[in-house]
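Colleague: Pasting a structure here, questions to come.
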Amino acid sequence: MRSAKIQSSLLLFSAFLIAACGLVYELIAGTVSSYLLGDSVTQFSRTIGVYLFAMGVGSYLSRFILRNAIEKFIDLEIALALVGGFAAPLLFIVFSFTAHYAFVLYALLIVIGTLVGLEIPLLLRILKDRMNFRDLVARVLSLDYIGGLVAAVSFPILLLRPEVGLIRASILAGILNVLVAFVALYVFQAQVRLRLLLVKACAVLLVLVVALVYSKPIQGFLDQELHNDPVVYSEQSHYQKIVITSWHEYFSLFLNNNLQFNSFDEYRYHEALVHVPVQMVLDRRGPKAPLRVLIMGGGDGLAIREFLRYPNVVGVDLVDIDPAMTKLAREHPWLRDLNRDALADKRVNVFHEDAFIYIEKPKSQYDVVILDFPDPGNFAIGKLYSDMFFHRLKRVLAPGAVAVTQSTSPFVARTAFWCIHNTVESQGYKTLPYHAYVPSFGEWGFVAFSREPLAMPQKLLLENEMRFLTREVLQSMAFFPADMARVATEVQTLMTQNLVHYYEREWHRATR
């Protein structure tokens, strides 16, 4: 009697593991797609929709399993372990080597979802003779939901830790599914073809364990296939995938597969981003006026490097949500050399916070504010270009302060660029849009804004130290030819996210 109770408890615990693994597979598919394709809301919405549909199909198909339900359940767990365990590496491989990522993604979701949908109906049928049916349904479904909760909470905290990552998370979930198969084999060893099923389960477990052992080189291979140049550093932080590639004596930094800078020409971008607003403030206050600086984004330290050229900069507050990025900027020898150990300067303070939250209770008011966020390719980033964000930003601006936001390419994403400009302007700021040519990116746009009218500076205090900016270049930066000229747009709001739609449409058209 005691043995039967233990066996039933083990099978009920299987419902918990089944739910946890099923949700992990779903989250992995959504996360990989968001990383590779962008627009996390769209990717997760489609992933969840297809996955739930497939689970419904699986539940319906369970009615056609008329006999050998126990063996079918064990086979199901073994198959799910194999398919789900290799879901993440398969998706990365398909993206790198074929043009059929979407087809494989949805096919994989349908297969995994169907298998997951079969699990609970079969488990209920297997257990129905072991306990009261009312109690059985209540226990199985409650454990199923609890398993889903545990997986949802654990996924970002544990499975996306740098030492785990998407590849290992997928494989570990597969191993848990095999363990469910072993539990069922233990409980029902007298009622199934034990040797055959045991061989299958052991074979799949062996494959998964070997894959887990070699997951680091597998991850390295897949990272390399996503980039043209050799990958020299790769890390999955809580917030993003950070990759450094090398090219001759230069290197590039990628966040979530998007180029952030190339050391060959990043100085063009950062000189345009930093020295234009600084000179605007100095023109108002005098060349020796003390400056307090706020940089949001820019955890690589390159914008800080430019500010530290000025002896009258009394403090720089850097707000970057990802500690892994600032740690890399402090410790990686290539980045330290490029940013001149900027984050080690005593004038620099680092805050690991969401910029949207930071401006609610700023530590100070600032004379120059730099918004060096990634492009608005998803709704999470889109909020940092919204009318509400720019409105709240007023509380961090000292009298006479100037702010600048990077604003994507006015040539490739013309509507998106002017949407950012128009959103800033809608909040009562005086604006000055400008652009610079950065070979790695092409034409790149910026929007300077202030409570007071702005004009492009006629000179640069540090012109002799500049590699790109000159007086003549400054004047040309404010001129927009006809194919980049201002267009009417909707304002970016948290409710409508017009900017994200503009951006996705224009960059998709340019890169397809």
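Using N, Cα and C of the backbone, Cβ positions are placed for all residues, glycine too.
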Colleague: Quick check: of Asp144, Asp283, Asp300, Asp320, which does TrEMBL put in the same S-methyl-5'-thioadenosine site as Gln240, Asp354, Ala355?
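Modeller: Among the candidates, TrEMBL records only Asp320 at this S-methyl-5'-thioadenosine site.
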Colleague: Of 136-160, 461-485, which range does TrEMBL call transmembrane segment?
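Modeller: Transmembrane segment, as annotated by TrEMBL, spans 136-160.
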Colleague: An 8 Å radius from the center of the Gln240, Asp320, Asp354, Ala355 Cβ atoms defines the neighbourhood of the S-methyl-5'-thioadenosine site; name the other residues of that chain inside it, in order.
Modeller: Tyr239, Met296, Gly297, Gly299, Val319, Ile321, Asp322, His352, Glu353, Phe373
Colleague: Of all the recorded positions given, namely His270, Asp300, Asp372, which is spatially nearest to Ala355 (S-methyl-5'-thioadenosine binding site) at the Cα level?
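Modeller: Nearest in space to Ala355 (S-methyl-5'-thioadenosine binding site), counting only the recorded positions, is Asp372.
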Colleague: If H, G and I count as helix, E and B as strand, and all else as coil, what does DSSP give for Ala355 (S-methyl-5'-thioadenosine binding site)?
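Modeller: In three-state terms, Ala355 (S-methyl-5'-thioadenosine binding site) counts as helix.
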Colleague: Out of these recorded positions, Asp300, Asp354, Asp372, which one has the fewest other C-beta atoms within 10 Å of its own C-beta?
Modeller: Asp354
Colleague: Among Gln240, Asp320, Asp354, Ala355, recorded S-methyl-5'-thioadenosine binders, what is the largest CA to CA distance in Å?
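Modeller: Max Cα-Cα spread across the S-methyl-5'-thioadenosine binders: 16 Å.
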Colleague: Checking distant contacts: for the transmembrane segment (136-160), what same-chain residues at least six beyond its ends satisfy Cβ-Cβ under 8 A?
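Modeller: Hits for the transmembrane segment (136-160): 12-13, 15-24, 27, 31, 120, 123-124, 127-128, 130, 166, 168-169, 172, 236, 238.
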Colleague: Neighbour count, 10 Å Cβ-Cβ cut-off, for Ala355 (S-methyl-5'-thioadenosine binding site): what number do you get?
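Modeller: Taking every protein chain into account, the count is 20.
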